[in-house]
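First up is the structure itself, then whatever we jot down about it.
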Amino acid sequence: GLTTIGHFESLRLATHLHSSCQRVPDCCDFVTWLPAELTLRIFSYLSWKSLTVCSEVNKSWLKFARHPKLYQHLCMLPKWSSPILKKPHNSNFIPSYDWNYSEQEENIRNSNGFVKNHLEINWLNVFKKRVCLRRNFRLGKHRIRRFNGHNGAVYCVDCDAYRIVSGSADATIRVWNIRTNAKWSVQTLRGHSDAVRCVQLLPLPHCQLDSNTNNNNHINAHCSSPPVHCIHESIASIPCSLCKLDPTITYPNCWEPPEVLLISGSADTTLKLWRLSATSNWSRIACTCTLQGHTGTVRCVQADHEKVISGSYDCTIRLWCIISGQMKRTFRGHSAGITCLVYSDNFLYSGSLDNTVRIWNISTGVCYHTLIRPIYRNNLTEAPSFSSPVSCLHLDYSQNRLVVAYHDGTVLVKYLSVFNELIKGHKYKINTDDTSSINNNHCSSITLSFYPSTIYFDGYLYKTDYKSGSLIRCLTGDAWHIICCSDDKSIKVWQVDDNKFVNSLKEHEDGVTCAVISGSVIVSGSYDKTVILYDFDVI
């Protein structure tokens, strides 16, 4: 790179360029005589590997190659941003910084170990942690912890910084201490009369943490969300790895976990809302509300502090008010059971056994688009490939795309910008009625019929052989990786930025049904009745 070219050029031209120079040490080293701001700007164009090489040149180069602003710049790039980032961001965004170099700041940092503002965080250590984590995922280097206790297949899991929650075919929900798999630490929630098919943990707002659990108005929609906590609390007294991956995360107190809301859906057609709270001396579990309205198995659920959205085998999606527990809206359009759903902003994406994905407006209930899988065949004499039920959806914010998995092992992608362009392209207001009259001052009254437009996928992310038994059960991800669970007993991992296959985890003894990932942790459930935690924060 820059150091190699500069070295050979200086050797070739040294005699001519420095023939008239006085005998001054380091007269040919630009780092010593260029303004510090310009030197930092030059170094900012180097990769982290080149910065490592530069730090070995001499003390002057080491001083600049280890400057916190350079590693803060690297940590803010899309490739090296925090893996637990969930909000959408521009993948082409390149952060800009004030490269003004302050010797006073540098002296304070050297004497006290920290300075205010952007230099108070050790960005070099944060970046080292992220490089190590990527390497461990690539090499498959991890440790596992196995949680046993369910009497049936584990259908769903979720976790936060303190707990792992799992739902099973034995109609129970188990709450595990993420720091230990000891039997004394597990809590069992009973209330559903059939298999639990979906669960989600939702942090409570601060103003509701001490409220009465018997009050059904258990969430105040006007409360601000609690500060973000790391999903991976220390395991066996090991410092929290994700807090090191993202220095903006507050360190949680592992002995005083905050109260959370647990939402569960079951084959008994109901959803239940539970409040979980615990201290070092006691714990409390209370079912605060039961949501009734579906006539089939509740297969999937997504929620925030204002609403709960559930999908069922009764072919409908229902929106509930999390404050009152009342059903507010029903989405109809699928001709078979709903298997998965995700939402972002005002758009809802649902997958069904009718082989389609539908895109809805949450506020109005309008279905904008029907996303179908194209039929492929190599020639006219070959039978076209059949379609397949949708098994799971994932919103990849870092690449601004929707990832869809099918029962036959195929994973397809569709970029979300296409949806926005099509929606903005409507000339008239969209109504939920089949026909509507639109009056315009410049034209006569006309009647329009509105039906969801049909669009196709952009391409494959991954494809397997249906005959191999690799029916996909779960697809999820974070800002760095996408993981896929299937009936071949494996969890496959891809990198988000280049779709490169990373590794395959095979610790379960039967098909893997569910998983969650965040940063250095993957938690999965299986037909073998166990829950496994994979920790990639190893040395």
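The count begins at 1 with the first shown residue.
The backbone N, Cα and C atoms fix where each Cβ goes, glycine too.
These features come from TrEMBL:
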| type | residues | note |
| --- | --- | --- |
| DOMAIN | 28-74 | domain 'F-box' |
| REPEAT | 147-186 | repeat 'WD' |
| REPEAT | 255-277 | repeat 'WD' |
| REPEAT | 291-330 | repeat 'WD' |
| REPEAT | 331-370 | repeat 'WD' |
| REPEAT | 505-539 | repeat 'WD' |
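The recorded stretches the repeat 'WD' (505-539) and the repeat 'WD' (147-186) share 3+ CB pairs below 8 A when only pairs 6 or more apart in sequence are counted, and are therefore in contact. DSSP states for the repeat 'WD' (291-330), grouped as helix (H, G, I), strand (E, B) and coil, give 0 helix, 23 strand, 17 coil.
According to DSSP, the secondary structure content of the repeat 'WD' (255-277) in residues is 0 helix, 14 strand, 9 coil.
In the predicted model, the repeat 'WD' (255-277) has a mean pLDDT of 88. Per DSSP, the repeat 'WD' (331-370) is made up of 0 helix, 24 strand, 16 coil. Look at the repeat 'WD' (147-186): DSSP puts its residues at 3 helix, 20 strand, 17 coil.
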